[in-house]
Every structure is written in C-alpha cells, then in structure tokens.
Amino acid sequence: MASQKELDYCYDFVMKLTIESAKIIRDAIQGGKNIETKAGDWDLVTEYDKKVEQILIDGLVKEFPTHKFIGEETVSKTNILPELTAAPTWIIDPIDGTTNFVHAFPHTCISIALLVNREPEIGIVYNPVLEQMFTARRGRGAYLNGKPIKSSDVFELRQSLVCIEASYATIEDIRDIILGRIEAFVTIAHGIRTLGSAALTLCHVAMGAADVYHTDNLMPWDVAAGVLIIREAGGHVIDTSGGDFNIMKPRVLAMGNRKLAPELVKLVRLADVKTHRRRVNDKKSSE
Ligand code: IPD
Ligand code: CA
Ligand code: CA
Ligand code: CA
C-alpha cells in the first residue's frame, strides 16, 4: 500500500478519529484524574492516556487490519519497543504532554503518524484544548487549522528563541547535562521556553513561533508526526550529534532554518565537555 488514493483515505479516516477521540481530553482536562506513575515519580499516566490510545487503535485496526501499530501505552505494558518495518505503521501518542494534562496546563495533544517504508507519510498533532490542528502529508506542505505554515528563517542562535525540555531533571547525570546545555543556550539565545509536549514543540518550530527545539530522551511516538510537520514546513531535524535523525531513537535538534545546524551541534558538544569537566572536578574535590 502507498498509492496517493490510499493515503488520502487513511488521512481522512484518521483525522475524523483523532477529532472524535480528542473530545475525551478536552472534556477531562479540568477534572479529577486517576494518576499512576511508570518509570519514576515524574513519569505520569492517567486512565485517559490508556482510553484514548485504545479508541484510536481499535478504530484503526478495524479499518486497516493489516497495518502495524506502535502506541506508547501499549508498549508500556511490556516495555518492548517493536521494530519498525516497511509495513504501514501507525505511531501513536494518545496524550503527549500528560504532565500538562494532569496540571490542566493547556499544551497537550494527540500525536499520530503513519509511516510507510519507514518514512512518515501522514502527521497529525491535535491540541483540542487550544483547538490547534497541525497536519502534514509528505510532499504536500504543513498546515495549522488548514492554513499553510512555514518555519522561521532565523539562522543565528543569538537571534533565536529556543525550546528545551527539563522533564527528567530528577535523574542526576541527565540533569547535569540538561542544565549545562540550558546554561549554554541562555548565554546566547533571545530566550528559553519549555512547553512540556514534544509533539507540540516541534509544531511550534514548524509554524515559526520558535526557532530551535532541543531534547534527548524522547521516544518514537513523541516525534513521528512532528518531524514530518517540521520538514514539510521547511524546517530541519537532525540527531543531537549532528548525524541523521532516527525516529526510533530520537535525540532532537530541530530548527526552522538548516543553517543553524553547525552552530547548534557545536554548542551542545562544548556544553557537554564543560559539564563532564565540572563533574570530574566535583568528584575530585569531594574525595
Ligand atoms: C513527554 C512529553 C515531554 C517530554 C517527555 C515525554 P508524554 O511525553 O513529550 O515534553 O519532555 O520526554 O515523555 O509522556 O507526556 O506523552
Ligand atoms: Ca508518557
Ligand atoms: Ca509523549
Ligand atoms: Ca503520552
């Protein structure tokens, strides 16, 4: 499968299903939730994450019985990440920004992508609280609520607004690396923001509201749709090391303008060297 007609059908179907399922998120965000934790105190999940994923997968399986699925809450049951094959595969985050959802902070969304031959063909990121529907089809541009979007043309870090994550800051070595990188960005950029939803942050770069997004420690469902939306909006996504981006092992340096890439890679590398030296010195002085 991969004819444009078949993809058109998939797109129309998943759009309707997403809008329908997202009503659950919109109706529940202000109310009480059953909150459980997964990998740690910071890794929250609610009954709504599970419910929305079930509705999405049930709806898609019924319509596309031969397709494959990689959904966050399904993977969480076994902790085994399936291999991505060439078969049509839906990658689903039922609620991206669960912590925001728990706190009723309105940046939360459904993120769904369809990959064929390991390439994203359809990307949908829908925030039902703020009614932002970001969409993209490969080769057909990116849209916010049906209007074309374009990433920014800022090509110097000192003129950029940078989004970064700080979600896993309770794990010591990850915290030090994040803080070192934040320090480096703070010294140069116009400002730093942290939105709490990887999918929506990628879309903010896609629409030119931010110039850069950087984070490691993500999963395929956080990025699969957003990466297509950025690329279709004219932006660029690479691995933090400067190499090719891998949806299945995402370390994200996303930017509105690809000319920023060398400066970003260098900044992160230098920040990490500084952090490493600082840790070695701290260890020595505590001995
Ligand atoms: C999280 C969000 C957050 C990012 C975390 C993700 P979830 O996804 O995208 O912005 O920092 O790494 O796990 O758990 O809310 O779907
Ligand atoms: Ca989660
Ligand atoms: Ca997520
Ligand atoms: Ca999620």
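Using the three backbone atoms N, Cα and C, a Cβ is placed for every residue, glycine included.
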Per TrEMBL, Glu72, Ile95, Asp96 bind Mg(2+) 1; matching candidate in Asp216, Asp222, Asp239: Asp222
Cβ packing number for Asp222 (Mg(2+) 1 binding site), 10 Å threshold: 26
Binding-site residues (Glu72, Asp93, Asp96), the one with most neighbouring Cβ atoms at 10 Å: Asp93
